[in-house]
Structures are given as C-alpha cells and as structure tokens.
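Q: First the structure, then my questions, so here it is.
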Amino acid sequence: MPTADIRISADAIRRSKGGTPIVCLTAYTYPIARLLDDHVDLLLVGDSVAMVLHGHKTTLGASLEMMIAHGQAVMRGSARACVVVDLPAGTYEDSAEQAVASAQRVVDETGCQAVKLEGGVDMARQIAAIVAAGIPVMGHIGLQPQSVEKDGGYKIKGRTEETVAALVRDALAVENAGAFSVVIEGTVETVAADITRRIAIPTIGIGASGDCDGQVLVIDDMVGLTVDRVPKFVKEYATLRRVISHAAESYAAEVRSRTFPGPSHVFSAATGKDKT
Ligand SMILES: Nc1nc(=O)c2c([nH]1)NC[C@@H]1CN(c3ccc(C(=O)N[C@@H](CCC(=O)O)C(=O)O)cc3)CN21
Ligand SMILES: CC(C)C(=O)C(=O)O
Ligand SMILES: [Mg+2]
C-alpha cells in the first residue's frame, strides 16, 4: 500500500514552470497507479479510459460515474503524484453551475487534486467558476477529442494563420480564467512552443512540442498495450502486447497438455494446506 500521503499539489505543478519538465502519464487502475507513482509528477485519469479500457469508439463514451470509479482506483494506488481527473463530455459545457457541480462531485468522491476540461475561450467561464469554488483546473486546448464528431476526425491544429491565432486566444483565456496548467494536444510544434513562452502556467504537451513544460502520453500507448493503431506522436517504451500474448499462449499449451497446474500449484492432504 502507498504510505506517505504527501501529494504534489496543483499549485506545486504551477510553480514548476521553467524547471525540470513535468512528467505525466494517464492512469486508470490501482495496479498501474502503484507502478507509476514513484516515477511521475502527475497522474491523469483521462476520459480516454472509455476507449482504452472500455472499448468505446470515442471518449464520448465516458460518464461521470466511470471517471469517479477510475479516479478512486488511482487515488487508492498512489500517494505522491498529483492526480487530475477529466470531466467527461456532457458534464460541464452547458453552464458554470453544471461545471462546478460536476467538478465538486469528482473531488468529493475521489479526493483528487484537480479536474481537467476541454476548451479555451468557450469554456473560460466554466474554468473560472470551478477555480472560484476552490478546485484547481487544468485546461486542454488544441485537438480536443470530445469534439471529434464536430471536427470530423482527430485533426492537428495550427496549420493556418487563423487557427494559430485561435490557439493563442484559447491559451490566454485558460490562463486568465485561473487554470494551474494546460494540456496542448495535437498542434503544430512551433505553435505549442510559442504558447509555452507566452503564458505563465505550465504547458503539458501531447503531440505538441518538446519545448512544452511537460509531456503526457496514454499509459497503454507508452507500454505498447494498445491493440488499435496508435497516433504518430506515441513512443512505445515496451511491447506488453507481445508479453501478454506469449504468456496466454504458454498457459493455453500447458493447460491442454496437463503441464499446469504442477506439483507446486496444488495442495496435498499431508501438509494440511488445503484445510480451511
Ligand atoms: N490510445 C489513444 N491514445 C491517444 O493519445 C488518444 C486516444 N487513444 N484517443 C483520444 C485521442 C485521439 N488522439 C489522436 C488520434 C490521432 C491523431 C492523429 O494522428 N491525427 C492525424 C490524422 C487525422 C485524420 O485521420 O484525419 C492528423 O494528422 O491529424 C491525433 C490524436 C489522441 N488521443
Ligand atoms: C491524453 C490526455 C491529455 C487526455 O485528455 C486523456 O487521456 O483523456
Ligand atoms: Mg481527455
């Protein structure tokens, strides 16, 4: 079990701009949180959980209940990392009141350090209201997966002058609304680097720029567990697909040949180990 409950706060993340890059990964489960907690600054319970663990086609399959259940699992498995939980689509866009109610429920039921929501100028009121309620907010601009249907796919942002200007306006709006940091996803590299220089809160890049103040990846992508095609910006540091497939192949062969269970996996009457 995790011991010391001295977590990195959202404010500590905010103050770390300009220092060592911020290390962030998504986490959705207790064992993965246990394994990552020693190595990262920030664990993001992303709404990507709907796709990665639940098999939904898009992140629009995430619900507040799903995010809370995974947020609780990640909090149980971590002690040190700052834990941020995504607000899923349909739980914050309508009004500041709806956004505060959803954020408050996530924090009350999980104990996480902060929430994240997608949007810039269009969500500034929601961000400001959640911050005013005492809950730190991480912004998310650029490619916004919750807008995949409106956008007609996962399209890289900032390829035209107008979209570059819109990205800068979004970054400034998120900063001015009081967010402690902002994810920049799927943008032209120079635009993310430029925004990083222009705002005082840390930028966390994903498919954005090495000049961002930190980086994030989906954990299953990073360890090579994603079975569907991974985005171009992913680097696989392991190939767990292969490890799991080989383990299942060996297990199946041993069950069919009656090699498993072996003598050490069964209980004999003599030792009494099978008595209850
Ligand atoms: N496993 C996983 N990892 C992720 O990083 C991730 C998800 N799932 N699901 C939600 C979003 C979607 N993501 C993506 C997916 C593809 C591109 C991408 O490479 N887009 C190309 C092709 C666009 C198209 O097909 O039209 C581009 O050039 O824009 C970017 C981000 C990132 N997020
Ligand atoms: C990849 C990050 C930024 C995310 O929003 C998610 O995993 O849902
Ligand atoms: Mg997300």
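First residue shown is number 1, and so on along the chain.
Just so it is clear, glycine is given a Cβ too, placed from its N, Cα and C backbone atoms.
Automated prediction, rather than curation, is the source of TrEMBL annotations.
Okay, these came from TrEMBL:
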BINDING   Asp47, Ser48, Asp86, Lys116  3-methyl-2-oxobutanoate binding site
BINDING   Asp47, Asp86, Glu118  Mg(2+) binding site
ACT_SITE  Glu185  active site, proton acceptor
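Mind mapping these onto the model and telling me what they sit next to?
A: The Cβ of Asp47 (3-methyl-2-oxobutanoate binding site) lies under 8 Å from the Cβ of Thr59, Ala62, Met67, Asp86, Leu87, Pro88, Ala89, Pro145, Gln146, each on the same chain and at least six residues away in sequence.
When secondary structure is read from DSSP and collapsed to three states, Asp86 (3-methyl-2-oxobutanoate binding site) falls in the strand class.
According to its DSSP assignment, Glu185 (active site, proton acceptor) is in a strand. Of all Cβ atoms in the protein chains displayed, 23 besides its own lie within 10 Å of the Cβ of Glu185 (active site, proton acceptor).
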Q: As a check: which entries in Asp86, Lys116, Glu118, Glu185, the recorded positions, place their Cβ less than 6 Å from an atom of ligand 3?
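A: So the answer is Asp86.
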Q: Would you count the other CB atoms within 10 A of the CB of Glu118 (Mg(2+) binding site), including those on all shown protein chains?
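A: Around the Cβ of Glu118 (Mg(2+) binding site), 25 other Cβ atoms lie within 10 Å.
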Q: Around the 3-methyl-2-oxobutanoate site (Asp47, Ser48, Asp86, Lys116), what further same-chain residues have their C-beta within 8 angstroms of the site's C-beta centre?
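A: Residues close to the 3-methyl-2-oxobutanoate site, other than Asp47, Ser48, Asp86, Lys116: Thr26, Leu44, Val45, Gly46, Val49, Thr59, Ala62, Met67, Val85, Leu87, Pro88, His140.
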